[in-house]
Amino acid sequence: MATDASPQLRSVPPPSDFHPEISLSQSPTHDGLHFWQFMIAGSIAGTVEHMAMFPLDTLKTRMQALGASCSVQPVSVRQALGSILKLEGPPGLYRGIAAMGLGAGPAHAVYFSVYELSKQVLSRSDPNNSMVHAASGVVATVTSDAVFTPMDMVKQRLQLKNSPYKGVAECVRMVVMEEGIGAFYASYRTTVIMNAPFTAVHFATYEAAKRELMEVSPDTANDERLVIHATAGAGAGALAAALTTPLDVVKTQLQCQGVCGCDKFSSSSIGNVIETIVKKDGYRGLMRGWIPRTLFHAPAAAICWSIYEASKSFFQQLNSR
């Protein structure tokens, strides 16, 4: 009797722990969004945030840089603003904005996408865990700072009074020729050490405040939800900014060292920079620029979170069609 030698194929059911939604290319990964949609939402939010608040960032940089070889006399926000407008006019408040535009978009695309994915991985059992939100924020900032730090250094050098650089390209070229590639990352360690607690406080506060506000009025319309995101973001941004100002001063000193009379440091040691600042200006020097920094981050965080959540909602509606 002739028999069929070909093997019989049987359909095998997928294992019980198989989750097709995990595939990045086939379906949404988290909150109903694809990975690339988190990146676009974060990029838009970060770019708008930093460009809108740029004048305050310039004031903060000017006030913090004055703590070096320049003047150790206290400089108020009004004095810094008046000096810029008198000597340079309104365009002086926007020097370096091109560098910000080049760095903020890519950095925030990385920032928010890594945050969302980290939150998804770490919070499988408890999505409202503040420690998970804080840890996810730290992972996100370490990653995004590697992208943003070089352009942030260029931006701050262009923001200085009497900056020797005419633009982004010239600044990059001169730094590479005179100081080497490593100069772009001289403040990276300080930036991470500053932004890790900043982000931990920021994200944990934002998620907790948003949750509490949503519980107070759970049936809010979309426009009211934006107010909740803005309120939670502003409070989180202001608190985190005020607490981490000393490290931000250290970061500015490292990024602007040797330019426009600012001190040149023998190493990128945080302790060395702090010691120099305290010796010249006392402990008050570590809080230089805290007012414009807080004034920057409160509305900036409100703008950023509002746009980010609105962009997420847009993509969620798009994916549900």
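Any Cβ shown, glycine's included, is placed from N, Cα and C.
Remember, it's a predicted structure, so these values are computed and weren't measured experimentally.
Features reported for this protein in TrEMBL:
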type   : residues : note
REGION : 1-24     : region 'Disordered'
REPEAT : 33-121   : repeat 'Solcar'
REPEAT : 128-212  : repeat 'Solcar'
REPEAT : 224-314  : repeat 'Solcar'
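If you average pLDDT over the repeat 'Solcar' (128-212) in this model, you get 90.
Helix, strand and coil content of the repeat 'Solcar' (33-121), in residues and according to DSSP, is 71 helix, 1 strand, 17 coil. Residue counts of the repeat 'Solcar' (128-212) by helix, strand and coil are 71 helix, 0 strand, 14 coil (DSSP-based).
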